[in-house]
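Here is the structure we will look at, set down as structure tokens.
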Amino acid sequence: EFYLVKWRGYPESENTWEPRKNLRCVGLLKQFHKDLEQAWIRRDGKPKKNARWLDQGVANYVVQKAKQRRALWRWERQLNAKRNHKGRIAVENEVDLDGPPRGFVYINEYKVGEGISLTQVAVGCECRDCLAEAAGGCCCPGASRHKFAYNELGQVRIRAGLPIYECNARCRCGAECANRVVQRGIRYDLCIFRTPNGRGWGVRTLEKIRKNSFVMEYVGEIITSEEAERRGQIYDRQGATYLFDLDYVEDVYTVDAAYYGNISHFVNHSCDPNLQVYNVFIDNLDERLPRIALFATRHIRAGEELTFDYNMQVDPVDAESTRMDSNLGRAGGLAGSPKKRVRIECKCGAESCRKYLF
């Protein structure tokens, strides 16, 4: 057996054929033979005729797969260099030859669009122990006439639809305050992976996640609803949109995660999701501009895909919760915009699947 070797730091014109005994790269050899096995399998899952022959098609596939893997490794390093959160990001594609998405910029917090300004909060709490003093109403949630959202483990304990008011930059409490959860960022190691059933990229957790734990924030560029309508028409023609209406009190602003976003950009829809959306206020108390946080609705196993309902319904629990519109206005990665939607087939595979996204 001889292997054609591309030497690091040398052009392809310097490639050489080497016997296996000359190769000390055990991991690369295992990956190479795994790619060969994949190249010899037809789309219907059966071995190709004359399998084991290294014909031109098989050779081309192995070369393209190697180049794709290197591109994904580089992208993974770039993502981790840009993140400011504890949780690491892995990237994996064992389905096709698609490489990193083009034109996507990883950001950690909202990118404010033209003509929009965020007003910083003017005051903070004086608490020494926010969880213990929350009952007295002196902490940030109480000052805003709302409930303290978390327990001692940082798990959300209020119903979906109610707002979360976290401590802010002007509060006396420290970074480990029980009322600072979303602002600490992603804590879990997650993987962006290629789905095998035509849903594009998805996200799965590499660690188990407890029920009601914060998982990630939906981040993108904040734009006006008028600009969202204009972009939505363009995205419709392209067959892709990531527009999320911030309609907690009124439909004025939208988050566009098409080009600027974090790992939530890749989270798929499910009619039986394991993530739930909450509106969160921290350093900006403008109710038209909440931060969108995703919390686990149940215990999530390591290796399980993360999903949320793009057409989430929130059951009113009191007058306050009715201020959260039942339609979040996101058409994640599929045709349609917040104002004009196309009937899109759902591929989530849940037993309770509604068959269509919108």
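Here the Cβ of each residue, glycine as well, is placed from N, Cα and C on the backbone.
Quick look at what TrEMBL annotates:
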- 1-34: domain 'Chromo' (DOMAIN)
- 123-185: domain 'Pre-SET' (DOMAIN)
- Cys125, Cys140, Cys167, Cys171: Zn(2+) 2 binding site (BINDING)
- Cys125, Cys127, Cys130, Cys139: Zn(2+) 1 binding site (BINDING)
- Cys130, Cys167, Cys173, Cys177: Zn(2+) 3 binding site (BINDING)
- 188-311: domain 'SET' (DOMAIN)
- Arg199, Gly200, Trp201, Asn268, His269, Tyr310, Lys347: S-adenosyl-L-methionine binding site (BINDING)
- Cys271, Cys346, Cys348, Cys353: Zn(2+) 4 binding site (BINDING)
- 342-358: domain 'Post-SET' (DOMAIN)
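Of the listed binding-site residues Trp201, Tyr310, the Cβ environment within 10 Å is emptiest of other Cβ atoms at Trp201.
In this structure the C-alpha atoms belonging to Cys125 (Zn(2+) 2 binding site) and Arg199 (S-adenosyl-L-methionine binding site) are separated by 45 Å. Rounded to the nearest whole angstrom, the C-alpha distance between Cys177 (Zn(2+) 3 binding site) and Cys130 (Zn(2+) 1 binding site) is 7. Residues in the domain 'SET' (188-311) partition by DSSP class (helix H, G, I; strand E, B; coil) as 18 helix, 51 strand, 55 coil. Long-range C-beta contacts of Cys353 (Zn(2+) 4 binding site), restricted to its own chain and to partners at least six residues apart, with a cutoff below 8 Å, comprise Cys271, Asp272, Cys346. The binding-site residues near Cys127 (Zn(2+) 1 binding site), taking a 10 angstroms Cα-Cα threshold over the set Arg199, Gly200, Trp201, His269, Lys347, amount to none. Considering only the binding-site residues Cys139, Cys140, Cys167, Cys171, Cys173, Lys347 (S-adenosyl-L-methionine binding site) has Cys167 as its nearest partner by CA-CA distance.
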